[in-house]
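First comes the structure, then the notes that go with it.
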Amino acid sequence: MSRDLLRSFSSIFGTKLGLLLVGILSTPIIVRAIGSEGYGNYAHLISIFSLLMVFTKSGIFNGIRKYIVEDRSVDDWHNHVFSFYFRTSVLISGVLAIILLSLSQIGQFENIFSGDYQYYFVLLAVYLFLGQFYSIGRGALMGFGREHHSEPIQMLNSISYAGVGLLLLYFGFGVDGLLIGHIVATGIAGFLSLWLVRNELDFTQLIKPLSDSVPQKQFLTFNFNSVLLAFLTVSMYNVDLLLLRPLAGSSETGIYKAALTVAEFLWLIPMAIQYTLVHSTSEMWYKDQQEQISSIASTATRLNLSLLVIMGIGLIFLADTFIPLYYGSEFTPAVGALFLLLPGVLGLALSRPIFAIGQGKGQLKYLVLTTGASAVLNLILNIILIPKHGMYGAAVATSIGYGSMFLFHVVTARFIGFNPIADLRIVRIGVAGILAAGMIFGLKYFLPPLPALLLVPPIGFVVYVLASVQMGVVDTPEIEKLQRHMPNKLDKVFTLLKNIRNGEHPTLHH
């Protein structure tokens, strides 16, 4: 990766890590405050919201990131791109918010949902509309390469939600308090994002007609395909929850949601890579730098897999200790669902950077077809397995659907014009994983539960890194490139890693 790519990734990854920490700290409090049934209802509402956000956010957010970075020979290109997507987003989110408000008022609503859902839908409508301003502002900041601004705002959004939501829970609110927390947080984040981007853009363009040279048809086509692609993807993330609640009840849905949340820890690094690559590779595609794109894709896939392996091993060995301690003994059945979910979550995590590079090119037809195939497979399996096997059926169905994404998108990448598995080094990664797994198993066996949770992850990670370097999972130039972006105080550590990689006697001295 270039210096700019690594800087962007570092900003995004740091924020993802912070978001994970906020979630780790707030989730057990939320779960204990509203119970598994309330948590199931909250998960159900957020699934509905996520599906609606596909129409309001996905095409807008991806489109503004992709096109605003392109240096086209059109006067005020950046302003025209921003103006087009701002108007489109306000129109779409406004219409959907009105539809939500209307649905909450129809007479048959309470026959479909519980009475509280009528109020929840009003809150969802407000959240949906305000959230669009944040999406526009964040997309513009990222398109201009200002992840060092966009990502701290995302962190602030998460902290604000947790703070307001937990405060309202303390004062007796329930699921509605969490939704109000989202509304307040996204309002603050939206205002700050647009404020920070004001010097890059001329907001008066919002009330002026667009230039005839602006390719509005191209924008709309990309927007439509992005929405379709995102709908298929988000349906995969939520169809299990949407089907599980009416078929198995809120309590089992809450337990299954806990398993999903833990499994999705694996998405931390892949999501950071994905968000980095869309607008970064868009400019490369525009300049026809195909060889550089293939090199980035294969390196990203290899490093992504190597990190996912150690994270997956850690979850496998520590889940039976972590889940009851973190969520409470009521959620112990989530351990079995987690084990069933992990293979598919790994596959989907691997597909994320591949997906992003294809998105950066703008030709989404192949991505829509392959993602659609996975989504249909996922839906059919969930419909078949949930009635018979409940959350375990949902876990198996979802795992197969998720896993198919990686296989399908590797094939799709070749059609688009790059090879993401040219330098995978899967045998070397496997050997390093086996060595680390042995160490992790031994430590877990001999240590009590709480010390194991504290000591096994860092020790296992260090062992895995050393084994990966020794096995040649990473190259010396890649180590040196990372070193250049790290504090000088870590130079001795990187010298050790380079010595191990080059087969020299390990030493911490220069």
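Placement of Cβ uses the backbone N, Cα and C atoms for every residue, glycine included.
TrEMBL annotations:
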TRANSMEM  12-31  transmembrane segment
TRANSMEM  43-64  transmembrane segment
TRANSMEM  84-105  transmembrane segment
TRANSMEM  155-173  transmembrane segment
TRANSMEM  179-198  transmembrane segment
TRANSMEM  219-238  transmembrane segment
TRANSMEM  258-278  transmembrane segment
TRANSMEM  305-327  transmembrane segment
TRANSMEM  366-386  transmembrane segment
TRANSMEM  392-417  transmembrane segment
TRANSMEM  429-447  transmembrane segment
TRANSMEM  453-474  transmembrane segment
Practice task
Give residue numbers and ranges for long-range contacts of the transmembrane segment (453-474): same chain, 6 or more residues beyond its ends, CB-CB under 8 A.
Solution key: 302-303, 306, 309-310, 313-314, 317-318, 321-322, 325, 425, 428-429, 431-433, 435-436, 439-440, 443-444, 447, 497, 500-501
Practice task
Establish whether the number of Cβ pairs under 8 Å between the transmembrane segment (43-64) and the transmembrane segment (392-417) reaches at least three, counting only pairs separated by 6 or more residues.
Solution key: no
Completion exercise
Counting Cβ pairs closer than 8 Å to the transmembrane segment (392-417), the top stretch among 155-173, 179-198, 219-238 is 219-238
Practice task
May I ask you to check whether the transmembrane segment (305-327) and the transmembrane segment (429-447) make contact, with contact taken as at least three Cβ pairs under 8 Å and only pairs 6 or more apart in sequence counted?
Solution key: yes
Handout entry: Of 179-198, 219-238, 258-278, 366-386, 429-447, whichever stretch has the most CB pairs under 8 A to the transmembrane segment (12-31)
Key = 258-278
Problem - Positions on the same chain near the transmembrane segment (219-238), where near means CB under 8 A and six or more residues out - result: 47, 50-51, 53-55, 57-60, 62-63, 66-67, 81, 84-85, 88, 348, 359, 362, 364-365, 367-368, 371-372, 374-375, 378-379, 398, 401-402, 405
Fill in the blank from the handout: Contact set of the transmembrane segment (179-198) with the rest of its chain, CB cutoff 8 A exclusive, min separation 6+ beyond the ends, reads 45, 120, 123-124, 126-127, 130-134, 136-138, 140-141, 144, 146, 149-150, 153-154, 156-166, 168, 173
